[in-house]
Amino acid sequence: MDAQPDSSRQGASDNAAVDAAEAPVAPRPSGVSGVSRGSRGRVRGSAGLYVLFFLTAGLVGAVISWGFLGESLAALGIPDPGPATTAGLPLLRSAAVMLMCLSVGSFLFSSFLTSPITGPLSTGEIREIRAAEQSARERRDRDSGAGTDDPRDIVDDVPEVDEEMALGSDADRVTRANLYAARLGVDGSVAARTGTVAAACVGLIALLLIPMYLSDVSGEPLSRTLRPGNWVIAVNQVSTSLAWLAVAVIALSTAVVGSLSSRWVMQPFLLLGALGMVVPLGLEGHSATGGDHDYGTNSYLWHLLFMTLWVGGLMALIAHGRRRGTRMDLAVERYSVIALLSVGVMTVSGLINAAIRIQWSDWLTTGYGWLITTKTAGVVVLALFGYLHRRATIPAIRRDPSDHSLFRRVAVVEVLVMAAITGVAVSLGRTPPPPPRSADLNTMDIQLGYKLFEEPTLWNVWTMWRFDIVFGSAGVILAIAYAWAVHRLHRRGMAWPVVRTVWFQLGNLMLVLTMCSGIGLNMPATFSMHMIGHMILTMGVPVFWVLGGPFTLFLAALEPGEPDEPGPREWLLVAIDNPAVRFLTHPAVNTIQFVVLFYILYLTPLYDVAVTEHAGHLTMNVVFLWSGFMYYWELIGVDPTPVRRSPMGKGAWLFFSLPFHMFFGVTLMQMQTILAYDFYSTLGLPWEIDLLKDQNVGGGIAWASGQFPLMIIFGAVLLEWWRHDRREMRIYDRRADATDDEDMTAYNEMLAKVNAGENYFDEYYERDISTDGGRGGPGGGR
């Protein structure tokens, strides 16, 4: 059995937490968490250092590009566009990448490396928390038959998930409410403002890079490509210009939102926006073309994302130290975990990407190989800096958090090396790689990244294997994280249901097998296999995940943060219970997003656009998993949603959605227009394929895979409804036995008085209010 805390002690502790939150709190100092600023040294700004970092990256990129570009342009037969493009493009792109790092690192700091200012809750919020907790306690008492000795108390019953374990006790409710309403402290505000300005600068530079890339690929001077009419040409004909347009939109949107918010709860969203600036760059360039571009793109995307976290986080820490910010030790401890992970991911992803682009013999015999060798050596140097931090600077900060001068000096040199590596990386993007190892590239290699050799069948899909770097890695990481959380509980002497572990790990296994087998390989090539993958990612994997109760597990496994220093557990509390999640998990909204996704994707031109790009496939698969998880979490999930729904309501909304799934499948089966015909017809698959028949088969798969699982889920909801009703009846029977059925007796007396012509309701309203203890009647409220 699970170890259970003493309920009376827990209740007393929770009430004390609420009372403490309601009590007046003295104003805090301007520093975060009420800690005064360090006294050693004077406060310094970091704008000059930022400019130094940007110039270092830009000048390295410009010098290398200038040396290699002439040879590259001559080989391609493109005239020299002039010094404004030849030197200006790598200079601006390098500066933009460093600004992305600064924005990501600043929002990372304001989100998770420093603590916000949390104030006392209002009286209304306290009452709401207490009312919710009291309601939950009463429900637990009723469900457990507290106070009765009825033998039916031990009858086999299906226990409900303890909502307080999943969504928090009184103390957790106070913590969540405080953190959701928290404002940024001085250090967080400065970091957020820096991230906002950096994002705005990225957006402006990105707009300028649109015509510069047209100048670069066409050989036209920048003065001509800057003309308004050429901007449209650049976006329509140059993929890199289109990518920078996406960067500009994301960056400027992030800057606008960042300038309007000073609350902590918005900072993680701004961090996602800053990371989103990097994604378009990870989906273009050498890695996105030619054979194995699925590996090249996915590995490059991982590489860029963790590079920005590593470099940007260190820049934010330098700025925090120079302004004598508080709790440098806490920020460095948290960042060191991110840095260690980033080193590993960047090393592995970089080697994968290099192995795809060039042969080992090209590393020291070609210009492209020398650049990769230089970049690799730079990463090794950075790893040595990381080792120095762990051996010297971090222990020094632990001993004296106010003295971090050694850390700052080492970190500045480290970022300068990072900036130089960034310049080298930008030069790589403008240097042609050596010829491919195999010239036997066909349309499948160009469009898919790999060759397919036989028509997929029910059996041979399990003989085709190619590890998916994004979703295969995600499945492995989730499996390891879940096992780690279970292990932490076991070390504390707490039990976790084995069946939940089995469910969740089956979901991870299904994800890995689907995306790394012949199913995942053929998903981009044929509509029928795409639909099989869609159904598995939407209606298979998420079902197993929600039955594993991951939120409940991690809330139980993670340690609570120190007072005024929220940690991962508190962040998770806010992530799963906030107004946005309440809105998305409302049955109406959740049902609509799950159903409408099918119609919007396949019955509009969106699918024709998405299926032609690797980025489109990645986005679709992510949306499939997200949509299915949200839908089944609210419907059958072990983790309670922020608002508890009745089985009757769940069943009604599920019943409402069933016809729409059926109509969608039937519509696809009857369509005579081939979706994405231009893409599928040019793949050159080595077997004969009737595209219309294959699409109709996909419609049948959508109909069968949608209807049968949903009918099973519908049966599960009905079973939950029946069990809920049976439980309520037993609760009523126990209460009736304990009180001699006083409720029914009073009801019968009321009917008898009404039948005798007496006005029972007048008697009720004339009853002396004082008998009710001064509560509940007119004027009896507080």
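Glycine is treated like the rest: Cβ placed from N, Cα and C.
According to TrEMBL, the features are:
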COMPBIAS  1-11  compositional bias 'Polar residues'
COMPBIAS  12-38  compositional bias 'Low complexity'
COMPBIAS  131-155  compositional bias 'Basic and acidic residues'
DOMAIN    331-428  domain 'Copper resistance protein D'
REGION    1-40  region 'Disordered'
REGION    131-158  region 'Disordered'
TRANSMEM  47-69  transmembrane segment
TRANSMEM  89-109  transmembrane segment
TRANSMEM  234-257  transmembrane segment
TRANSMEM  269-288  transmembrane segment
TRANSMEM  300-320  transmembrane segment
TRANSMEM  332-356  transmembrane segment
TRANSMEM  410-428  transmembrane segment
TRANSMEM  464-485  transmembrane segment
TRANSMEM  506-525  transmembrane segment
TRANSMEM  531-558  transmembrane segment
TRANSMEM  579-602  transmembrane segment
TRANSMEM  614-633  transmembrane segment
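Under DSSP, the residues of the domain 'Copper resistance protein D' (331-428) split into helix, strand and coil as follows: 87 helix, 0 strand, 11 coil. By the Cβ criterion (under 8 Å, sequence separation of 6 or more), the transmembrane segment (89-109) is not in contact with the transmembrane segment (464-485), since fewer than 3 such pairs are found.
Averaged over the domain 'Copper resistance protein D' (331-428), the predicted model reaches a pLDDT of 82. The stretches the transmembrane segment (531-558) and the transmembrane segment (47-69) do not meet in space: the count of Cβ pairs below 8 angstroms, excluding pairs fewer than 6 apart in sequence, stays at fewer than three.
Within its own chain, the transmembrane segment (300-320) is flanked in space by residues 46, 49-50, 53, 98, 100-106, 108-109, 113-114, 187, 190-191, 194, 274-275, 278-279, 281-283, 285, 287-288, 328, 331-332, 335, 338-339, 341-343, 345-346, 349-350, 353, 407-408, 411-412, 414-415, 418, 422, 469-470, 473, which lie at least six positions past its ends and keep a Cβ under 8 Å from the stretch.
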